[in-house]
Structures are given as C-alpha cells and as structure tokens.
Amino acid sequence: MVGAKSTIGPSTSVGLAQQHSGVIVKTPFCQMSCCGTVPCTSGCHSRRPSLTESTCSRLFYILLHVGASAVCCLLLSRTVVERVWGEAHGIQMPSGLCSHLFGHSACPVLSGSGAVYRICAGTATFHLLQAVLLVHLHSPTSPRAQLHNSFWFLKVLFLLGLCAAAFCIPDEHLLPAWHYIGICGGFTFILLQLVLITAFAHSWNKNWQTGAAQDCSWFLAVLLTTLGFYSMAGLGAMLLFQHYTHPAGCLLNKMLLSMHLCFCGLLSFLSIAPCIRLKQPRSGLLQASIISCYIMYLTFSALSSRPPERVILQGQNLTLCLPGLNKMEPPISDTSLAVLSAGIMYACVLFACNEASYLAEVFGPLWIIKVYSYEFQKPSLCFCCPETVEPGDGQTDGATRPTDQETPQAPPQAQHLSYSYSAFHFVFFLASLYVMVTLTNWFSYEGAELEKTFTKGSWATFWVKVASCWACVLLYLGLLLAPLLDPNPGPQAPA
C-alpha cells in the first residue's frame, strides 16, 4: 500500500517477514521433520530463496485447511461414497466399535453433512485453541511463538484426534448446537470478508490517487485499471443475463440483476460527487469499479445457488434460470460451474485469512477502523496494506517513517511479527465454520450433497448470498457518506 523500499503484499511478504522475525529459516520439509524447536541440519537448506519460519508456517496451515476441506467434499459427495465404499446410504461406523463407545447400536454416519460438521468441528477447535494461546503475542522470539511455528507432527496428531473425537459424539448432542455456532461464525466471516474487500478497494484507490495527483503516468494507471474493472463488471452482467434469465420466466433473477446494476451506478456516481470529494479528495471511480466487480461476483454466487425454476412452455415442462437448462433439452448438471464457484469461494477464504492477520498486526486491535483512515505519502504498485505503521501504535493521521533513512535494526526482544498469529488462527476458525455451512446449505443441512451444493442450490443459500451483496453495498455506501456527518471541513482536493 505505501511506497516503502520493501513494500510487498501480505501473501508474498517474504522480505518483510525476514526483517521482522529474524528467526532461523527452515524449509517446509525441515519443519515437518522437527517435533520441536531444534534447528534443521544444513542439508535442509538449498540454493532457492529462503523463506522465514512464520511464512512456512502460514503455508502449512493453509495446506492443512485445504486438506480438511477436500476431505469434507469427498465425504459429502454421494458419488464418491457410492463408488469407493459401495454404500448408497453413507458410511457406517463398525457396530462393535459403536457399541463400545456409545453403548447402543445407533452409530453416527461417517459421511454426509454429519461428517462435514465433525471434521469442521475438529479444525475449528484446533484453530480456536491456538488463537487463545497466542493472544497478545508480538515477538517471534517468545516461547509461545513456537506453538505456531513448531511441533508440526504433534499438532497434526492433535488435529486428527480432535476430528476423531468429534465422530464419537452422537448426532443429537453435536449437530443442533454446532449448527447454530456454524451459522453465527459463517455470518461473522462474511462480514469480515466485506470489510476486507472494501478496505482493499479504498486503500488501492487512495494509494494510486496520491500518485495521480503528482504524475500523469499514475493517472493513466488509474484510468486503465478503472476501465478494466468496469469492463469485467459489465461483461459479468451480460453473461448473467444470458445464462440466468429466460424470456419465459426467471423474474426474480431479472429483478436482482437490474437492482444490482443500479447499485453499481449509484455507488459510482456518489464516489465522484462533489460533496463526497470535498470530504474525501482521494475518492474516485477506481474503488467503485472494484466494488462493482465484487457485487457482480456476489450476484453470480447467489444466482448459481438458487433452485431452478420450472415453467410450461409450448406444452413442455422446462427447467429454467440455470446454465444449460434454458434450452429445449433435458437438464444437465454443470460441473464446471461447481468447480468455478468452489474455487472463487476458497480464494476469498484464503485472502481473508491472510489479509486480516496482517492488518491486525500492522494496526493493532482496531485495524478495522484504522485501515480506512490511513493516508499515503507516496504511491506504490504494492497496494495491499501499509508496512510503515508500527503495530498497535494507534497511528491514524497518516504519518509514516521516512523511507529514505536507514533505520537501525531492532534488538531481538523488540522485533515484531510479520502477521498476527492469534488473528490468523481466529480467522481460520471462522473460515472453518463458513466452509462447513456453505457446503451443507446453511440452514438446511440435513441430506446435503456436494453434487447439489454448487449446481442445484437451495433458497437458504441463495438469500444468504443476496443479503451478503446488499450488506456490501450498505458498507461501501456508509464508507462514502460517513465523512459528511463530520462538521469539520475536509481537506482540500489536490490540484
């Protein structure tokens, strides 16, 4: 976000992590072989660029979460269960083990929505415990930091043990309570995603507008990027009208698409309105174009999650409002649509987990407020987040450390983390709940199947995603209009 010498994004913050952490560098395979904090041998090092311990740890936690989500998808897929295990009604726990654990023969099913709930319960508990143990940790040399960066073999065993223990809890004791916890955590994660995407658009626009006021090349970059995002949003709207509407029906889809296009136009107009720019000189169409693209993605996600509509047309009973179903032919399940929806969803999950943990360390506990008020001194191509703010110093007036002066390296006891370990695990805790309720159709988890989650959908999932889109519009609208409530005159717009 700022023009510092070592400015890089949070997902590729290798240089910053090395500068902040100052710990022994280990390759991923080295860390897997070490149960504790013993440094790896020289044979683990190579000529490839070195990664810091905290960066490798982040990659491992991402791989663990991806692996757990993949297992959830496999156990939720009816096709996989039938072909691999040959069980049409799900995988059953052996009766002898079930009687020994529960004292009765009512064994929990090891597949379907119950299996997804139990695996996500294990992963969510795993990350929540680490988030609690690592709270208020700001030094990579602290002994508690090794809970995050080491003991990999023991942590994997502990994670597997939590998931196995969840399978030993009867359905009537686990599913109802965990269902409400998952709903609350899923909604919290959605709100966090919306805050991050609006902060991302706001910071990107403010960063490059700072350069556009100084150099014509930055103005050209702002113009081309804005046109690119608006072109993607317009193309997305055209494709949605083509594949998710039909002249004979789909009235709800047509209304939502038209309404959301009006929202995009309204936000674009307000972002350049004179009264808004008087209070926010750096506001512009770039941030509105990014939000418009995100609104179109949320609209696509909602429309692809609704059940199809059936109408009588020319004497035939047709299924409409989904791709591949608008023609005079039998319904065809679109696997590519499911893969695309799942891929984008999980990319947003990983972005939120990494970005939130980074901003929490840079700005402190109130990062959700401080990130919007940060002011840039010089533009930079790396716009993800500022790196010259001291973690937790409460700096909101835009003052930054001079980037052209050499700063003496801090002693080991004063070094900072490259991202907040506690916030990283807490957001992964929320992400586990979000993945759980998304795969199991939110409110109607009974009988959920992977084949129906991203292709046939449900009304519960549809309205959750529509509400997410409207919440995004309200959040960005509040971001634009909030300065108007300030009685103090805003800064003068740059010439």
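The backbone N, Cα and C atoms fix where each Cβ goes, glycine too.
Non-local neighbours of the transmembrane segment (59-77) in the same chain are 28, 31-32, 51, 91, 110-113, 115-116, 119-120, 122-123, 152, 156, 159, 163, 342, 346, 350, 353, 424-425, 428, 431-432, 435-436, 439-440, 448-451, 453; each lies 6+ residues outside the stretch with a CB under 8 Å from one of its CB atoms. According to TrEMBL, the transmembrane segment annotation covers 59-77 (among others).
Sequence annotations record features per position, and here TrEMBL assigns transmembrane segment to 115-137 (among others). For the transmembrane segment (115-137), the residues of the chain that approach it from at least six positions outside its boundaries are 64-65, 68, 71-72, 75-76, 91, 108-109, 144-145, 147-148, 155, 158-160, 162-167, 169, 174-175, 178-179, 182, 185, 417, 421-426, 428-429, 432-433, 435-436, 439-440, 445, 448, judged by C-beta separation under 8 angstroms.
The transmembrane segment annotation in TrEMBL covers 149-167 (among others).
Sequence-distant contacts of the transmembrane segment (179-204) (same chain, six or more residues past either end, CB-CB distance under 8 Å): 1, 117, 120, 124, 286-287, 290-291, 294, 348-349, 351-352, 355-356, 359, 368, 371-372, 374, 383-386, 427, 429-434, 436-438, 442-443, 445, 464, 468, 471-472, 475-476, 479. Under the heading transmembrane segment, TrEMBL lists 179-204 (among others).
Summarising the annotation, TrEMBL assigns transmembrane segment to 216-243 (among others).
Annotation source TrEMBL lists transmembrane segment at 255-273 (among others).
As annotated by TrEMBL, transmembrane segment applies to 335-353 (among others).
What TrEMBL records for 423-443 (among others) is transmembrane segment.
Same-chain residues lying 6 or more positions outside the transmembrane segment (463-485) and placing a CB less than 8 Å from one of its CB atoms are 190-191, 194-195, 197-198, 201-202, 256, 260, 263, 267, 270-271, 275-276, 279-280, 283, 287, 291, 294-295, 298-299, 301-302, 305, 372, 442. Annotation source TrEMBL lists transmembrane segment at 463-485 (among others).
The transmembrane segment (216-243) makes contact with the transmembrane segment (255-273): 3 or more of their CB pairs lie within 8 A, with pairs spaced 6 or more apart in sequence. Panel annotation: around the transmembrane segment (255-273), residues 233, 237, 240-241, 244-245, 283-285, 287-289, 291-292, 295-296, 299, 302-303, 466, 469, 473, 476-477, 480-481 of the same chain, lying at least six beyond its termini, place a Cβ under 8 Å from a Cβ of the stretch.
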